[in-house]
Amino acid sequence: MNVSEVKSGATRSPKFVQLIFVDINGMPKGMEIPASRLQEAIEDGISFDGSSVPGFQGIEDSDLIFKADPDTYVEVPWDNVARVYGYIYKDGKPYGADPRGVLKRVIEKLAEMGIKAYIGPEPEFYLFKKNGSWELEIPDVGGYFDILTLDKAKDIKREIAEYMPSFGLVPEVLHHEVGKAQHEIDFRYDEALKTADNIISFKYIVKAVAEVHGLYATFMPKPIYGMPGNGMHLHISLWKEGENIFKGEEGLSETALHFIGGLLKHAKALTAITNPTVNSYKRLVPGYEAPVYISWGYKNRSALIRVPAFWGNGARIEYRCPDPSANPYFAFAAILMAGLDGIKHKVEPFAYVEENVYEMDEGKRKELGIDTLPGSLGEALDELEKDKVVREALGEAYKNFIEYKRKEWESYLEYLEAKHLPKDTKRVTEWELERYFFI
């Protein structure tokens, strides 16, 4: 594909292009090139030093190449610059630790089976005033679905939604969330790789618009103790030959039920990837509609997996534990491979619940076979190390991921010890704010 084809739908002629990829944490990284080098970036790639990118290479062997994916070209409406995602190469071959490449390989496995995965995310975020400290100021007092005077950020949300189509995102619903200054803008589902790209773009738009209004936007899972956390529920369906194969005659198909079985089977290990930060586990506590118990049910928001009340081609499942700190490429790859394992081995879903699982006593949960998700990043990493299917979903990136996250956990424990804080504290620490606030 040449540059003229890439820009066929463009309305302006930016002088620079941002080459965007993500590190092991899902944080966007990149570089700018003159627009005149875009064709080179597509065909030959642009070299860069991978040693300073978290979770990539050491300084002794750090040369990497970024090749632009021309299908992702967009122009930033408020700046004289375009953006493009791409893939990382090393020594002429796809780089194993490239998160986007990890998801691409999983999608190719699905394609061999004639399957496409569609995912719709619900990323939540807070808007805070800037005050030069970690004493976070809340700019509004609205609550869930509040409108008009109580939602002080309604104009900001509208502005975000107006910019989204320029990046290929279709906004669907804008609303205030449960927490004061907490918000959600849902955008239309798409194929898994496009949705992962869209999540990165969405965060970029939200933060840029907030900045203009003198605010900080954070997707940190639990920025304030005692307030609801930020989740990122994922709506998932699989399609084959234009048909939703999660669709059954009455409700879900056997394929969908086995996919649920796979997610339940691998849920503990998956959590290390869908909830990959110390702070993630301060959201996953009872009382805030964040799932804690490994269970599933129809229309039941207390379960880990909810089946929404949509049938026919709208049939899907909602995986409720992920949060916006997840690297979406890793998270989607792991979830899809866990679900496929369930389909392959015909894993029947277990721990079905119709009532509020939080209100059950321990005996009832035990009777229904309901287990709990890991209670900390350390516990989640232990589960990941034991789960071959989820490990292999990350491919060569697994080694980098587990090493990086083990160091992160150890650093947090050292901080707690130095501050004489209990290991199981659910308070949000300054260590977390410094590390995760700008996720």
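Glycine is treated like the rest: Cβ placed from N, Cα and C.
What Swiss-Prot records for this protein:
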| type | residues | note |
| --- | --- | --- |
| DOMAIN | 12-93 | domain 'GS beta-grasp' |
| DOMAIN | 99-439 | domain 'GS catalytic' |
| BINDING | GLU122, HIS233, GLU318 | Mg(2+) 1 binding site |
| BINDING | GLU124, GLU177, GLU184 | Mg(2+) 2 binding site |
| BINDING | GLU172, HIS235, ILE236, SER237, ARG301, ARG306 | ATP binding site |
| BINDING | GLY229, ARG283, GLU289, ARG301, ARG320 | L-glutamate binding site |
In three-state DSSP terms, the structure that ARG283 (L-glutamate binding site) belongs to: helix
Closest of GLU122, GLY229, ARG283, GLU289 to ILE236 (ATP binding site), Cα positions, binding-site residues only: GLU122
Residue distribution over DSSP helix, strand and coil in the domain 'GS beta-grasp' (12-93): 18 helix, 37 strand, 27 coil
Per-region confidence, the domain 'GS beta-grasp' (12-93) (mean pLDDT, whole number): 92
Protein Cβ atoms within 10 Å of HIS233 (Mg(2+) 1 binding site), excluding its own: 20
For ARG301 (ATP binding site), nearby residues of its own chain (Cβ under 8 Å, 6 or more apart in sequence): GLU289, ARG320
Nonlocal residues around GLU172 (ATP binding site), in sequence order (Cβ under 8 Å, 6 or more apart): ASP186, PHE187, ARG188
Maximal Cα-Cα distance (Å) across residues annotated as binding L-glutamate, namely GLY229, ARG283, GLU289, ARG301, ARG320: 15
Among GLU124, GLY229, ARG283, ARG306, which are recorded as binding-site residues, the nearest neighbour of GLU318 (Mg(2+) 1 binding site) by Cα: ARG306
Entries of GLU124, GLU177, GLU184, ARG283 which, being binding-site residues, have CA atoms within 10 angstroms of HIS233 (Mg(2+) 1 binding site): GLU124
